[in-house]
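A short worksheet on the structure shown next.
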């Protein structure tokens, strides 16, 4: 119902912001990992800082939702300090999202932004499969068809990945693809798991986010220690940070929270159009910034992915209403015949 009560201008605003954030984040992250000048930063610290900023933003949104400092304090005490089981429950998607975010850095260190953007759409069939298995939902024949079409499009893109002529660093496309594969599996599972937790109670979305980000900070700090612990102690937590790196962290933080607003006020077709537009923007930016050479297989695969995203977002037809209408028509026809 919320979608119908929102103006077209606000929907377009949501669509524009979501598209720009998705495309800009991918291109900016790729830039910081390949052609940006200066010392290379530690990606694990960037993921950790992102979780901290998300926690602060969620606290701000919860403060606005509760309306007073007293209610805010009571909500935090009740759902954080007195709910260890809930924190443990939300630690599951925290771990999975931490892996996904780190895999994004690894993937964009080895694949072009446009190739990454197209291949990352494999999260749609992964999410669809998790939805069927974990939430007992069903997909229409058109949605299953679009899933296979999307997989075919990604296969074309990866068959002979487009090369970027301006990127001089050593890259491993196979490692990049494996990183995306792990990321989409994490995205599908964690997203459906979090949705299931949200719908299992009336607890506020922002409370759930706070529970998840608290666990996320702990998990990502462990990741920093295990992966780059000695280097961080030697060079510092913020070693190699530039304005571009801070910009990437900002986009990752705001984009994650903004998704919840977009999901509330837009429909699947608009989200699909946004994903397709992000692919186009990322491709154009990659040609300009990284010297990406577009191939026929890449263009064909990207087109198939865009079409499949649109088809997947088309709402299923309510056959129960159609059956009732047909029954009414049949009964009226019988009366006329009589």
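Placement of Cβ uses the backbone N, Cα and C atoms for every residue, glycine included.
TrEMBL labels come from automatic prediction, so no person has curated them.
Taken verbatim from TrEMBL:
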| type | residues | note |
| --- | --- | --- |
| TRANSMEM | 12-29 | transmembrane segment |
| TRANSMEM | 41-63 | transmembrane segment |
| TRANSMEM | 142-159 | transmembrane segment |
| TRANSMEM | 174-194 | transmembrane segment |
| TRANSMEM | 206-226 | transmembrane segment |
| TRANSMEM | 238-261 | transmembrane segment |
| TRANSMEM | 273-290 | transmembrane segment |
| TRANSMEM | 296-314 | transmembrane segment |
Against which stretches of its own chain does the transmembrane segment (174-194) lie, if we need a Cβ under 8 Å and a gap of at least six residues from its ends? 92-93, 96-97, 99-100, 103-104, 106-111, 116, 119-120, 122-123, 126-131, 134-135, 158, 208, 212
Need a quick answer: max count of Cβ pairs under 8 Å to the transmembrane segment (206-226), which of 41-63, 142-159, 238-261, 273-290, 296-314 is it? 41-63
Interface present between the transmembrane segment (41-63) and the transmembrane segment (273-290) (three or more C-beta pairs under 8 A): no
By Cβ distance under 8 Å, which residues at least 6 away from the ends of the transmembrane segment (41-63) in the same chain are close to it? 32-33, 69, 72, 75-76, 98, 101-102, 105-106, 204, 206-207, 209-210, 213-214, 216-217, 220-221, 223-224, 227-228, 231-232, 237-242, 245, 248-250, 252-254, 256-257
